[in-house]
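One structure is given below, encoded as structure tokens.
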Amino acid sequence: MDTLDNHQDGITASASVQLYSEAFPPLATGSSTELNGNHWPKAPSKIAPIKTSVTTQIVEISFEERRFKDTQNEFGSDQNKICAQVQQEHEVKIEISNNVRARSLTLLVTGRFDKVSNAVSELRKRLQTQAQSEVTVPAEFHRHLIGKQGGVLKEIKLKSGCEIFIPRENDANPNSIRLIGPKENIDKARHEILCIYDEVSKKATERLVIPKIYHPFIAGPYNRQLEKIMTENGVRVNIPPVHAQHDVDIVRVSGEKDGVVNACRIIRQLYQDALERCQTVNIEVSKSLHKFVIGPRGAGLQEILEATGVSVEVPPAEDPSETIVLRGEGTKLGVALTKVYEKADSYATCTVLAPTWMHRHLIGPGGENLQKVVGLPTHKAQINFLRGEDKIEIDGPKEQVVVIHKNLKAWVDDYVKRNTMVEVAVPREFHRHIIGKSGGTVNKIRETTGCTVRVPADIDGEDVVRIEGERDKVNLAREELMQIVNKQANERSKDLIIEHQFHRALIGQGGAKIAEIRDKYPDVLIKFPNADQNSDVVQLRGPRDQLANVEKLLKKAHTDLRDSSYEEKVRIGKAYHKDIIGRKGQTIAKIREETNTRIIMPDSGSQSDVITVVGKQKDVQKAVRQINDIEKVAANIVEEVVEIPARLHQGLIGHGGKLIRQLQDQHSGVRVHFPPASQPSDRVTVRGPKTEVKKAKAALQQLAEERLEDSQEAVIHAKPEFHPFLIGRQGQNAEQLRKATGARLVFPSLDERGKEGGDIITIIGRKEAVAKAKEMLEKQVKDLENTTEESVEVDPRWHKAFMERRGFYITQISQDFGGVQLSFPREPGSSRVVVKGPKDCVQGAIARIREIVDDLAARVTIEVAIPAIHHRSVIGRSGDNVRDICDQFDVSIKFPEFNRQQSQPSDANAAPAAAEVTANGGGENAAASGSETSSNPEGSGDATPSKADLVSISGRQEQCDKARQALLDLVPIEEQLDFPSEFHGQLIGRNGEGIRRLTNELNMAITIPSKAEHIVLNGTPKRVEAAKIRLQERLKELEAEKADQEARSFECKLDIPAQYHREIIGPKGANVRALQQKYEVRVNIPNPDKNSNEIVVIGYQDKAEAAAKELMAIKDKLENQVSAELFITHQVHPIIIGQRGKNLRSLVEKFDVAIDMPGRNAPSDAQNTVVVRGAQADVDNACDHLLDLAGEVIDRMIERGELDPRSLRPDAVSEQAEQPAQAQQQQQQQQPQKQGKKQQQHGGSGPGFVVRDAPWDQQQLASSEHFPSIGGGNGGPAPPPASGNGTAKPSAWSGPSNHN
């Protein structure tokens, strides 16, 4: 009780304590009014008004002070960018307005007051012309202007919007502070600087309160009177500027005391005189004329003040008032009034008609040309060029306006006579080509023609390009412009075949990689197919030269990607795969990390011995070497190298590797590795057992010698243009030479012909055959080098056919026949075609021309009806199918334009899928027309095919018939294949991967209907048949897998008591896992929660029964075990277990027993119990050893004072269980003291809300009646002392007992 009172007294000292009756007043029984009046305070009846924090300020900048005079509020101009930037930085709203007449700029700035003030200063600083001024402040006062960490100087800059440069100590003029900014801002900055200077100066300073309206009489005209006062008295007088917002009536005078006193006397006298003699007159003048009264930089007001002594007060621009106040002597007010009206009425306005395109030429660079045309060195007139209007407005003094109007009109009339402007409609997609890179193209046109080409901006949405210049030069510029447009209109396009899986890598993350190419070649359009299209075609379009560069870049990138996907297969004996994998996969993981490759091992159940390595070729070869080295060490493998010329490798390998496989089969365990074709080398590696490698090496060398005799080489040189003729059409000439001599010719590829060595032809074969072929080939080359010229008669009606398709036939003949030149006559009616080139080539070209003419004369057109819905599949991807048919049969095929509405049959009379229309042509009629179409198709019956279904084929009759059949073979058909629904899931695969892979492999559509015993195949007849064979094979595989699955599902159910399940599972499942791997079965053990004894073994019958037999043996062994319980205090358990169970595992292995230690969460009555299980003798030995070990450890702990001997008795457990309850009660009693101390230690604010005299304080806390004790207070008798080692064997170990 004393402790609690002391604690409460401590609370009183550090916290506000209330009585219980005050803290919790009783609820009133009267009205609610009494309740409110007595206890609860009323809420205030009025809410203080909230003042708005938003203000709007107007900023007007005259034309003379505007920094961007040629800006007409265009979107994206520098002026608008500055306003947008200030608006964002200062969190204000800015509205822009341009006065077209006065060309002034008005800004409305809205926002918080402090933000608006800073924004206005920034706008004036950046949008007004920058003036420069200096203010002199002694150097010793500069530190006061800078302030701590430059804070004062930053504030002055922010308020005034000026740049302030304070000189250094070693400058030539250390007292002169430079100010740069708009004039008004400079005045503000000077005012702020001088105010600070006056405040910190030790000189005398006087503040005079003089109304702002009398400041002009103190300063005098042009501030001359103020300067005189400052000069004569050696003082500084600071009069607030016109636009000041604070202390506008305060005039500060600072300097020497005597000078200040004298200056103040003079200023007061001037103010008194003005106050006595001044009168005012208010006049109304249109707001638009106020600027003329003010004049440039207030010169008009100063002029009137100087001439009459009258001050003219003009309202600010943001004030809508039109009243002007004149203040001065009554006798002078009339004169001043006259001068004000003169200035307002001395200005006139007129207009000059001038086309808009001419305005910029009239102004000239920096306005130089306009100044020359005006003809007045100095003038006060304003010339306004109205945007979008064909006129110019002039306002200013009347006499000046007349002169300027006359000069401008004369210049415009003369310019129109000499120059003109034309508009050319050019599609917007060509505008960027007209401009060129960095404007290079349009600048070139201007240099060559002297004309200006104006291309509209993209945001304008116009197609019209304007050309301005001299009349005779404009047409020339227009022609150059149209040449550019026509050139771009004839851009080239090309399709690249790049595997779909490489597209994402070529594009890069976020399109970064493809963006680099597009930035480098902006004129080339690169289009990748959508991901869902699964297409390999990448489309390019652009100028030919850029297109070629982009093609090279993409091909190089594609090659690099393909190189990183290099794959090599290595055959390693199945028995050595475990050596390559290593323990826990360490060996194969190390190889993967070192070589940066992907290594794919065959499935463990597979019979394949092929290991696949994927990555870059160099890395793959390194990984293969490491794998071979592992096999070499594990199987005593040797490796030898045989030097065989690279040209013989393909012949030694044989078609599909047939010959080399035969050699490997003849020599068991031998593997022969040839270098890849991309890296030609003469080194061939032979690996395998030592004796077999020696035999295989000898056999390989013998084969190479035999091949070498048949593989002699010779080369000759021939111009690349002769190669097509030497090869012949479809290789006929080269094939004839091979048959005649037995030698084979190797010609360079098209890409190699223009490079070094592109003229070399290689001859391969036996020695005699090579010599004979070389002689024949040299003779042909010599004949080709003799140029001749011959002519052939070709009917003029076929000349056009040779010119069509960009001269396809002419180009083909030139390429095939040694680069001969064909010249067709220009005279109408002439049939003589001249062929010039090597003699043999000329003869071949003439024969080819006659063959083409015969084909044209015999050309017919037939039609085949194919439903429009199948046209897309017949044409093939990118037209590949049709292109192949045209090339194979030398025909042309034309499909009708696709019409979605006609793609479906409209009625029952629609044309059948195989209906066809043929035409019999030839003879004179065919020769006259070039083609003939039958109007009555064969086999069409009464049904007339739709025009949308008719496909036209043109060519020779027999070739057209073959092409027609080829097209019909491409028409997709639909068939059903019996396929049990139970296998549909395996056919589809995970996430549809199986069916997707199958459709890509077969290149056709496969539909799997739900709940059906068949699947639907849709494709060409050949593909459907191939798919049926492939799917039937797959069905057999699935049925075999089903049968195997059923065989593997044999079950053996065993009844094994649940207490043995833990031993069967083993630590972390090791025992059951080993059993499953040994017999290739699955063992299902029930969860302990189910309290079930049934264990199920699933697998092949023989293996499942063997595994069940082993489990029953384990059960029998466990049933013969005994168990013993030992009392060993839990304090020594960690030492028995050891680090990570090392000691305990050692004991288990030593005595062949199982030792169960209590867990951390074991109940208090079981935490000292250790169970030992095993054979009788083993358990006895283990128990003796554990008790001896525990005794030694306990003795050491007691000697060190780390253990209480009383806690070692078994009956002490119950006493230990009672201790937590007593400790908890004691802790609850001490908790308030601890909390109070804790709060004091942490600097808390005390216990917080404390109440005294509460009902719970009225009871006696020490009363045993109110708080009886729990349990006996005296406890039991003293426990007997424990034995020396802290264990009692009769109570801890009762001897072995059978555990059933």
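Quick reminder: no glycine exception, Cβ is built from N, Cα and C everywhere.
Taking TrEMBL as the reference, the stretch among 41-68, 377-404, 1021-1048 described by the feature coiled coil is residues 1021-1048.
Here the domain 'K Homology' (858-972) has a mean pLDDT of 66 out of 100. Beyond its flanks by at least six residues, the coiled coil (767-794) meets 712-714, 716, 718-719, 722, 725-726, 737-738, 740-743, 745, 761, 802, 818, 824, 831-843, 846, 849-850, 853 of its own chain at Cβ-Cβ distances under 8 Å. Within the chain carrying the coiled coil (1021-1048), a Cβ under 8 angstroms from the stretch's Cβ atoms is held by residues 969, 973, 975, 977, 979-980, 982-983, 986-987, 998, 1001-1004, 1006, 1015, 1098-1101, all 6 or more beyond its ends.
Taking DSSP states H, G and I as helix and E and B as strand, the domain 'K Homology' (636-705) has 36 helix, 15 strand, 19 coil.
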